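A.B. asks: Below are the features listed in TrEMBL for this protein:
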- B:57-80: transmembrane segment (TRANSMEM)
- B:110-128: transmembrane segment (TRANSMEM)
- B:140-160: transmembrane segment (TRANSMEM)
- B:217-237: transmembrane segment (TRANSMEM)
- B:266-287: transmembrane segment (TRANSMEM)
- B:319-338: transmembrane segment (TRANSMEM)
- B:350-375: transmembrane segment (TRANSMEM)
Amino acid sequence: MVATANNGGRQATAALTPYAIELKGISKAFGPVQANKDINIAVPRGTIHGIIGENGAGKSTLMSILYGFYRADAGEVYINGKLTPIPDSQSAIRAGIGMVFQHFKLVQNFTVLENVILGAEDGPMLNTSLAKARKVLGDLSREYEMDVDPDALIEDLSVGHQQRVEILKALYRQADILILDEPTGVLTPDEADHLFRILNGLKDQGKTIILITHKLREIMEATDNVSVMRRGTMVATVKTAESSPESLAELMVGRKVLLEVEKVKATPGAVVLAVENLRVKDDDGIERLKGVSFEIRAGEILGIAGVAGNGQSELLEALGGIARATGRITLKGVDLPLVGLAANGQTRRAAGIAHVPEDRQHLGLIMDFSAWENVAFGYHNDPKYQKNAVFMDNDALRADTERKMATYDVRPPIATLAAKNFSGGNQQKIVVAREMEQNPDLLLIGQPTRGVDIGAIEFIHKQIVALRDAGKAILLVSVELDEIMSLSDRIAVMFDGQIMGTADPETTNERELGLLMAGVSGKA
Amino acid sequence: MNKLPQWADVVLVPLISLLLAALVAAIVLLAIGQSPTAALGIMVKGAFGSANGWGYTLYYTTSFIFTGLSVIVAFHAGLFNIGGEGQAQLGGLGVALVCLALPWPHWTVALLAASLGAAVFGAAWAAIPAYLQAKRGSHIVITTIMFNYIASALIVYMLVDVLRPAGQMDPASARFPAGAKLPALSDMPFISEFFARMNPDGTPKLTKAGLQMYSNVPANVTLFIALAACLVVWLLLWRTRLGYQIRAFGKSEAASKYAGINPVKITMIAMLISGGLAGMMAINNVMGSAERLLQNSAEGAGFIGIAVALMGRNHPLGVLLAALLFGFLYQGGAALGLNTTIPIEMRVVVQGLVILFTGALDQMVRMLLVWVFGFGRKAVA
């Protein structure tokens, strides 16, 4: 009851100003890095406000300040027109702010109900809280089209449902302002559409929503206003209806950006890679890849679409010699070993397969190694990097690295800098340079632009198309549908370890792909 | 977030850690009613004040270089080899078997053969834990510790039942043949001048106390092998393909798998090299000094090697300097016990403090420095 009174009180002050949140002159530095510089932003009540910017533009820092994770070096936060200091996240919750993180903060083996009351229990005994939460949850679910079984365990829920639990958690804590950090990264297009319907419902109830994303399409579809951040500063706040993806991209990057990939029609040649009935089991003996077969021809890009975790990683690992597999892989008519000592990254590279792994920081790079050491990674047996039988030719390697850094515009172009000191996009450029410059017959490339800023995306896409035009076969795995649709010459959609169907990027649409991604066979 | 400049990380952090250790040691000394400055004076004089002192300091240093290098090679492969002590004891067994096998014609031949024996036995002792780690996932820290105990028991058995000459009372091997005697530093051309008992004019050299110099120092030609080993390990780790793979594997096993680096192979090779280096310590103590195999021949040097590697920042040059420091602590500590009423245990306390501050509390000093440097930068700006 007290909570309702609180809520009422908040609404009483609300009448004074049209803004749910106003940030004035927020600055925050981490050592020499100025993450936020004099940020001003006003979010009108009852709107969906997008915040967009490249990686490292300062979006997350700004929201962390608003949610009490960081303290700003300077600046003021006004909630509903009232100066509200937010020293910790408890104060943020009290001020009516709820946050849905990119990586959910849910206890996997608790029920939905238990997760919702966690940290908001009314007393030492749980019964009363659980009963109250059950009732509130029922009301909220009906109101916002968010049906979630309150007694289901989190681990049994789909990612989309887990996200709804996070939203319910915030609403249960009386949040009026909801911040969502990259909410659609793990969702199918259908789930994302549902999320936006929920958000619109919340907006209609007078809630204010801040949507952080790097996807221009979502901004265009879902938001009323959008603020663009670049290098720690707020460059513009515009009405979404009065802007375009092109103009927003230009604001983000600070120059004109080509959003569409320019490419001519593919002229596929002979079959380079043939995969038959490929199966992979994980360490627990569970089959993750359940009999996949496909072919890729020379001069062709096959795009594998699908929600993360449906066997794409295992497919790349089996092809790259990392995971053991059964079935058959032939490269230019030659069978590749799938088990035993001969199935490893070295023999795959020797056979002509280059591999840009999905997780560059975990697999593709040694983060503590310098750029030049990373350029030899996987190719350390290459004769051109050897001085003699014993020693490596580090000078040649450094020279080679500097040449690659220049060609691929890696910044800063310092070969001796450790990989961890480059930005995500430049780290990816190092990996892409290393793999593409081997001039492989087949390039495996997973999530080529994950965590990469728009300028670098454009560059990497161009390189992929150039490699295709040079007559190479390319297997592209990405969870970004836009990327799959604009780059691929053919699309295969994976679901639950199998290929659900194939599509022609010229004729297909997101709806058809989305159904396949959700395991519904579109053509049946 | 904030990063220290490299010179501060490499030079300042260990130096401040050492000073802190010395400070606490001084407090302990004051607490037991002794003068810290006098104690330090005796330690420095005992370790570096005479040719004889140098002879012992360098002897300890030589052993610590080998065990320190042993630890860093394994560590660069992401493996924590705590079994240096056992591997060094087994190396001693290898040295003894080689030395006793033949009436060696010249020490150089004997040294080559004994080095090989020491390395092979030390490596073999490391091979079993390495195999268990690589193939079965048994944690190498646990297995190498266990193998230290097994090594001691094995050596006792060998000394009592196999190597002990008939009629000898103590559990030790026979004395090595004269052909296997390594030249001490005091026997070597040029260097012997420093250790010589005679002045060039034929009169006996006297110490300041007026005593005749004792010429027989334990430091021996193995010191130069240890120095060479530093260089070889550096070249191995940073200039060869094998070293590249060892370091990559140590940094990220997952990424190494992506690159096609065989984890079993690298684990085995790194541990064989590590065990071989620990085993080679035996040519210093068993062949160069004791000239027969005794019980517990490694005398804890295997464990000191861990501290040496930590303080030496996993770099061969750092190992060299840290080994010298610990050589000083060993010899200086002995002088302390010999010349003062300070209990000999004090040397263990001082070593313990150095290990505590340079090894365990190293991060504390670094954080402090990061703060100081950050503050300095802000003040300038």
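Heads up, the Cβ atoms here are built off N, Cα and C, so glycines get one too.
Caution: TrEMBL annotation is automatic and unverified by curators.
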A.B. asks: Would you call the transmembrane segment (B:217-237) and the transmembrane segment (B:350-375) in contact, using three or more Cβ pairs under 8 Å, pairs 6 or more apart in sequence?
C.D. replies: no
A.B. asks: Name the range, of those listed as B:57-80, B:266-287, B:319-338, B:350-375, that has the largest tally of Cβ pairs under 8 Å with the transmembrane segment (B:110-128).
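C.D. replies: The listed stretch sharing the most Cβ pairs with the transmembrane segment (B:110-128) is B:266-287.
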A.B. asks: Which stretch from B:57-80, B:319-338, B:350-375 shares the most C-beta pairs under 8 Å with the transmembrane segment (B:266-287)?
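C.D. replies: Answer, by Cβ pair count: B:57-80.
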A.B. asks: Using a Cβ-Cβ cut-off of under 8 Å, list the residues of the same chain that are 6+ residues beyond the ends of the transmembrane segment (B:319-338) and lie near it.
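C.D. replies: Long-range Cβ neighbours of the transmembrane segment (B:319-338): 18, 39, 42-48, 53, 56-62, 64-65, 68-69, 72, 227, 230, 304, 307-309, 311-312, 344, 346-348, 350-351, 354, 358.
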A.B. asks: Mind checking which residues reach the transmembrane segment (B:350-375)? Cβ under 8 Å, same chain, six or more beyond either end.
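C.D. replies: Those are 2-5, 8-9, 12-14, 16-18, 20-21, 24-25, 304, 306-307, 310-311, 322, 325-326, 329-330, 333, in sequence order.
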